[in-house]
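The following features are taken from TrEMBL:
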DOMAIN    41-290  domain 'G-protein coupled receptors family 1 profile'
TRANSMEM  25-48  transmembrane segment
TRANSMEM  60-78  transmembrane segment
TRANSMEM  98-120  transmembrane segment
TRANSMEM  140-168  transmembrane segment
TRANSMEM  197-225  transmembrane segment
TRANSMEM  237-261  transmembrane segment
TRANSMEM  273-292  transmembrane segment
Amino acid sequence: MQRVNLSTVPDFVLIGLSEAPRVRFLLFVLFLTIYLATMAGNITLLVAASTDPHLHSPMYFFLGNLALLDILCPTVTVPKMLGALLLENKVISFTGCLLQLFSLIDVVGTEIFLLAVMAYDRYVAVCHPLKYLNIMSMRLCAHLAIGTWVVGFFNSILHTSLIFTLLFCDSNRVAQYYCDIPPLLGLSCSPTWSRELVLLVVAGVLGSGAFVVTLVSYVYILLAILAMNSSKSRHKAFSTCGSHLTVVCLFYWATICTYVRPSSTYSPGRDRIVAMLYGILTPLLNPIIYSLRNKEVKRALRRVISQVRTAL
């Protein structure tokens with residue numbers, strides 16, 4: 001691509017997942033189906049948690065926040081990807097790219113901290129059941145939830161400002177289906193090492209800190225489960241916690257692999273797959289694993305569906 005006479009390119013071109021028309025159409029159908037299923041599951045969960053009095057407890061309060069994040073996360077990237085697959089509209093403006101990156105980092109960062117808060121909530125519920133309601137008061141829950149959103153917001157401001165104060169004056173082809181930090185760093189014609197160092201330190205400290213809180217909480221939970229006398233209770237608890245921990249580790253692994261590393265290790269093909277794990281797959285799995293297997297949630301969903309049918 002020819003060099004342009006601007007210090008900053010006016011727009012970017014997002015490299016799609018495939019150039020073959022038949023493959024693009026199949027991918028469009030696949031990701032549209034996943035996106036609609038994700039929206040349906042998380043919106044239903046959010047409505048049930050907010051309207052059913054039986055679910056007005058700390059656990060479901062945090063699950064409602066998680067459902068909202070899982071609605072926002074794929075909505076930031078998937079519609080643009082679907083447009084590129086179906087209409088071949090791969091161009092995104094400089095401002096649009098900035099807003100997409102800011103929104104994605106905000107949502108992903110908030111979810112990282114929220115998962116740590118949810119793990120702590122489950123630790124208190126399992127290891128200190130008699131003190132649970134006293135410790136996890138709604139006031140504390142509100143403060144913790146607001147704190148995750150605020151930290152995620154300022155974390156995103158830092159990352160976005162460090163990226164978009166760089167100069168982009170050569171190629172404008174982003175080797176990803178959305179605007180993300182590693183491919184944008186690779187496109188910049190400015191020195192990036194100082195910004196990369198700041199991003200690595202911030203992402204490493206915050207991400208690994210949240211992961212440690214989550215991991216330690218689940219270790220104590222598993223130890224408490226092993227101390228249970230009933231094998232049936234142990235099996236049920238292991239099944240639930242194992243599913244939760246699997247999705248949490250998948251999300252942490254994917255995000256840490258994406259952001260806590262130097263840009264020189266960026267691999268477009270591999271990173272597209274990793275990005276789909278935390279940007280598309282986990283928002284689909286979270287409502288299923290965290291909630292839809294829960295009897296209380298199932299009863300609440302049946303009540304919501306019944307009310308909708310009555311209204312119609």
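Glycine residues also receive a Cβ, built from the backbone N, Cα and C atoms like all the rest.
Remember, it's a predicted structure, so these values are computed and weren't measured experimentally.
Contact check: the transmembrane segment (237-261) against the transmembrane segment (98-120) gives at least three Cβ pairs closer than 8 Å, residues 6 or more apart, which meets the contact criterion. Of the ranges 25-48, 60-78, 140-168, 197-225, the one with the most Cβ pairs under 8 Å to the transmembrane segment (98-120) is 140-168.
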